[in-house]
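Enquirer: Straight from TrEMBL, here's the annotation block:
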TRANSMEM  33-52  transmembrane segment
TRANSMEM  113-137  transmembrane segment
TRANSMEM  162-182  transmembrane segment
TRANSMEM  202-223  transmembrane segment
TRANSMEM  235-255  transmembrane segment
TRANSMEM  325-344  transmembrane segment
TRANSMEM  374-395  transmembrane segment
TRANSMEM  407-424  transmembrane segment
TRANSMEM  430-454  transmembrane segment
Amino acid sequence: IKYDILSTNLIRKIGGIKMTGIYKIVDSVNNLLWGKNILVFMLIGAALYFSFKTKFMQFRLFNKIVKVLFKNEKGKHGISSLETFFLGTACRVGAGNIAGVVAAISVGGPGSIFWMWLVAMLGSATAFIESSLAVIYRKKEKDGSYTGGTPFIIEKRLNMRWLGIIYALASVVCYFGVTQVMSNSITGSITSVYTWGADNKFFNLQNISSIAVAILVAYIIFFSKSKKDSIIASLNKIVPFMAIIYVVAVIYILVTNLTSIPAMIGNIFSQAFGTKEVLGGTFGAVVMNGVRRGLFSNEAGSGNSNYAAAAVHIDIPAKQGMVQAFGVFIDTLVICSATAFIVLLAPKSTISGLSGMALFQAAMSHHLDGFGALFVVILMFFFCISTILAVAFYGRSAVNFIHESKYLNIAYQVILILMIYIGGIKQDIFIWSLADFGLGIMTVINILVIIPIAKPALDSLRDYEKTLK
């Protein structure tokens, strides 16, 4: 018995040492990539490079991009450009489009919004290149459908399967973390407004809503009777709905605050370049916060959307690249801007002393009166549930690359559903930091891979432009 107790304690100590080591590794990598802004400089460099290499196609061909988006080129087993747009948008648009933008404004002021816009416009060129490559180097399945993403690009183009596996593993780690963050954002928005059953350990709103979200996602993934992929079918309905209700709400807020709009726009531009910020030493914070928000929201350069891009049924790879480039515009120039306008048009007295979601809820309650708090709950639900479904889809491709096993993929999805419940009932900072860790590793690998092999994507762009003449 003594031996068993000593052994158990020893195992716990060894396990504790191992976990401490993992914590330190994750923290060190996150501090290096995110804290030291290495990712920011890598992504800006790639965005500028690809913008010049494509001759700023995101501006030259903008009208063509919109036409491609709504052209139905769907095969029997593939999905259309519009459906991949919804899938990519579902992953891009989440809680970060609210909390992240609020944080950028809180730290960098209104001027950070301008830099957020600028980096999104440049970053769309990166999204074009990586998504075009995803179509070029994808894999055709036996049933005629397509699977692909950055791991497949790495294996097919560079013959470095080991690096592709590292990227795929980083994807899975990231998606588990993201799932917890999104689930907690849903339950957090609910319990911040409604406190029913707060004193009950089990029958409280946080626990019940966590179970409900987990059951809903499980139903969509495993039990939906849709003729097409159940996740795609669900996102085809969710994404347009959530975008429309948010944009309509923002239009209403803009119309009811018409006289304040000129001053708001003036503040954004004056504080983006203002001498006051330069002399006060805050100019760097203004620029960096806007840049980081833009880069980390639209995901251009991380390779995330490549999992969606590869599944499309399309004749020219450049067309799908254009669709995902447009997704970057929508995420940052529409959704993130909408959040910024809601906050900037609220009286300072209403949001003074608040931060994060509390600040956004206060601003929305001011604009929409009593309906504001409920609207935020509804909005967060759709934003976050769509992201969870998107990473469930992306993760399937990542797991399939590691090992083609039906049971392994089911295991991934079951763990994802468990993460929804766990994330909904508590905040696990370490698991959340794993999301940053995974995304950071993905971004570094993706940028280093696509820069030297961009030529096929550029050739596809030239071929497409020839068809326009």
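For all residues, glycine too, the Cβ spot is worked out from N, Cα and C.
Since we're looking at a predicted model, the values are computed, not measured.
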Enquirer: Can at least 3 Cβ pairs under 8 A be found between the transmembrane segment (325-344) and the transmembrane segment (407-424), with each pair 6 or more apart in sequence?
Expert: no
Enquirer: Out of 33-52, 202-223, 235-255, 374-395, 407-424, which stretch touches the transmembrane segment (113-137) the most, going by CB pairs under 8 Å?
Expert: 33-52
Enquirer: Looking at 33-52, 202-223, 235-255, 374-395, which one has the highest count of Cβ pairs under 8 angstroms to the transmembrane segment (407-424)?
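Expert: When the Cβ pairs under 8 Å are tallied, 202-223 comes out ahead.
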